[in-house]
């Protein structure tokens, strides 16, 4: 989840992590047997932690996301700029409505990711942990897309000044484009976010495992923040072309300048050149890099708090 999106951090070890640690290191909560109760608990903790992390990131970095969206929509949405300059007015436009969607979307993502990862790590050989993280990230991204796509559509339409409020955006989109209008660019969203979610979480988890093994201790807050930022920035950069395609399809509205992903790619190449696929890469990398640091930090810290509050006989 770009933040989505879009992303984990704290001295605590992720409760869903089942990597083995060297002798002398603390064992993790994930070294327990994989019982139905454990999976349900991972889901519950993931929902709470994911929702909190998503809201923190979105509220803190929304203006950067708005600038990124306007840069990517520059050629198509004339309303997004004035006199060749990207508007810096209304950078928080659509924030309230977006938070209303980000909260359940992030909760669903992490709620699905944690137990799925736990199950896969228990089933697959230890040397295939990266595959478990990749698969869990993609599955969680697909599950949360049901909420994330309408949220993204409304957010980006408001960021490009098409609507003044989220309720108006939803009402007018439904009136002009029907229910499918809320899922404009759904295919391009999945094309961007499933690889993004899978790669970002895999990079983060693998770096975290490697650091723990090398340092023979749990991670400290700044270390987790750095890993989260690196995973977010790298993934954000390499998926920028997919993000541009997704943005163009989502903000076009009923005009239908683009007839689909292939037509969008061809039109951009023909009219703007290949460099257009990298529009907004700076704000995107900055936004997702900082966002990854915050997201993973809040996520891990929240999970640690939930773990510490759990009754002692549940922590075996």
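Placed from the backbone N, Cα and C atoms, the Cβ positions cover glycine too.
Look at TrEMBL and you will find 1-29 tagged as region 'Disordered'. The feature compositional bias 'Polar residues' is assigned by TrEMBL to 1-17. Sequence annotations record features per position, and here TrEMBL assigns repeat 'Solcar' to 41-119, 128-210, 223-305. Annotated transmembrane segment per TrEMBL: 91-110, 130-149, 224-242, 285-302, in sequence order.
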Report summary line: Among 130-149, 224-242, 285-302, the stretch with the most Cβ pairs under 8 Å to the transmembrane segment (91-110) is 130-149
Query raised in the report: What else in the chain is close to the transmembrane segment (130-149), if you only count residues 6 or more beyond its ends and a Cβ gap under 8 Å?
Result: 1, 4, 101, 104-106, 108-110, 112-113, 116-117, 120-121, 124, 182-183, 185-186, 189-190, 193-202, 205-206
Report task. Could you give the residue numbers and ranges of same-chain residues that sit at least 6 residues beyond the transmembrane segment (224-242) on either side and whose C-beta is under 8 angstroms from one of its C-beta atoms? Result -> 2, 7-11, 188, 191-192, 195-196, 199-201, 203-204, 207-208, 211, 277-278, 280-281, 284-285, 287-297, 300
Query - Number of helical, extended and coil residues in the repeat 'Solcar' (128-210), per DSSP - result: 74 helix, 0 strand, 9 coil
Requested in this report: Would you mind giving the whole-number mean pLDDT across the repeat 'Solcar' (128-210)?
Outcome: 90
Query raised in the report: With DSSP helix as H/G/I and strand as E/B, how many residues of the repeat 'Solcar' (223-305) fall in helix, strand and coil?
Result: 72 helix, 0 strand, 11 coil
